[in-house]
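Student: Sequence annotations record features per position, and here Swiss-Prot assigns active site, proton acceptor to 63. Annotation source Swiss-Prot lists NAD(+) binding site at 63-64, 131-132, 142, 159, 161, 172-177, 196, 230.
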């Protein structure tokens, strides 16, 4: 089997761990390749993640590394994260157990598919998010005015600092910090969480993933759209952001662990 290793490159300890893990996996018969950035840091040959064809991808770092990895894949490959960050809700393995798990990986391993969101602005495709898309004001202390449309029908109108649109996977990330609920990732839907809404009646909404969702900026105030904390797009006046369930979900290697048990453990360690 061919595994691609992608490491956070701002940590010498993580890079050293990645180098050792790659050697150990090669010694038990795996073909190991590295993405370009990791390879450069390790001074070995690498391949762009966008054109690589591994059987699985191993992301070594925090949730940001895993999100970046998924963003860079043109075709979604099975992925597993090794936590070398702070919390690591998306990382299913800790460093001390990773080699023992990976060396037993065989073709046909189980995969859990996670919903992603395709986004466009005024009809122009922008990209895909696994955790969340966040619409925020570009000017601190200046509120935005939104309309939320579901299948073309206005369902909500409010003012606030911004609006967070999350997947169930992202419900343990920014959405949780903003007061949203924790959602089982096997559920598919759009979680809308207002950020500092002016009216207390503006509450989180969970909308079925089969619906088409749009958010319209109702006033001419500068705003940004941020995808998974990785990419920021300037929004024009009175822009409309359209969202649909992506036909290509993320694929996480299933380690057969209870989601809520993992969440409880991660939250306890905060």
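In case you wondered, yes, glycine gets a Cβ from its N, Cα and C as well.
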Student: Using a 10 Å radius around its CB, how many other CB atoms surround residue 161 (NAD(+) binding site)?
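Tutor: Total other Cβ atoms inside 10 Å, all chains included: 18.
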Student: Output the one of 142, 230 that, of all these binding-site residues, has the highest number of other Cβ atoms within 10 Å of its Cβ.
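Tutor: By the 10 Å Cβ neighbour count, 230 comes out on top.
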Student: Taking 10 A as the limit, how many CB atoms besides its own sit near the CB of the residue listed as 'active site, proton acceptor'?
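Tutor: Here the count is 24.
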Student: Within 10 Å of the Cβ of residue 173 (NAD(+) binding site), how many other Cβ atoms can you find? Include all protein chains, please.
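Tutor: If we count other Cβ atoms within 10 Å of residue 173 (NAD(+) binding site), we arrive at 23.
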Student: Among all chains shown, work out which of the binding-site residues 131, 177 has the most CB atoms within 10 A of its CB.
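Tutor: The largest 10 Å Cβ neighbour count belongs to 131.
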Student: Sorry to bug you, but what's the C-alpha spacing from residue 177 (NAD(+) binding site) to the residue listed as 'active site, proton acceptor', rounded to the closest Å?
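Tutor: Here the two Cα atoms lie 15 Å apart.
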Student: Sort out the sequence-distant neighbours of residue 175 (NAD(+) binding site) for me: same chain, 6+ apart, CB within less than 8 Å of its CB, listed by position.
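Tutor: Listed in sequence order: 132, 164, 166, 191, 193.
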Student: In DSSP terms, helix, strand or coil for residue 63 (active site, proton acceptor)?
Tutor: helix
Student: Any idea what DSSP makes of residue 175 (NAD(+) binding site), helix, strand or coil?
Tutor: helix
Student: Could you tell me which three-state DSSP class residue 142 (NAD(+) binding site) falls into?
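Tutor: Once the DSSP labels are grouped into three classes, residue 142 (NAD(+) binding site) ends up as coil.
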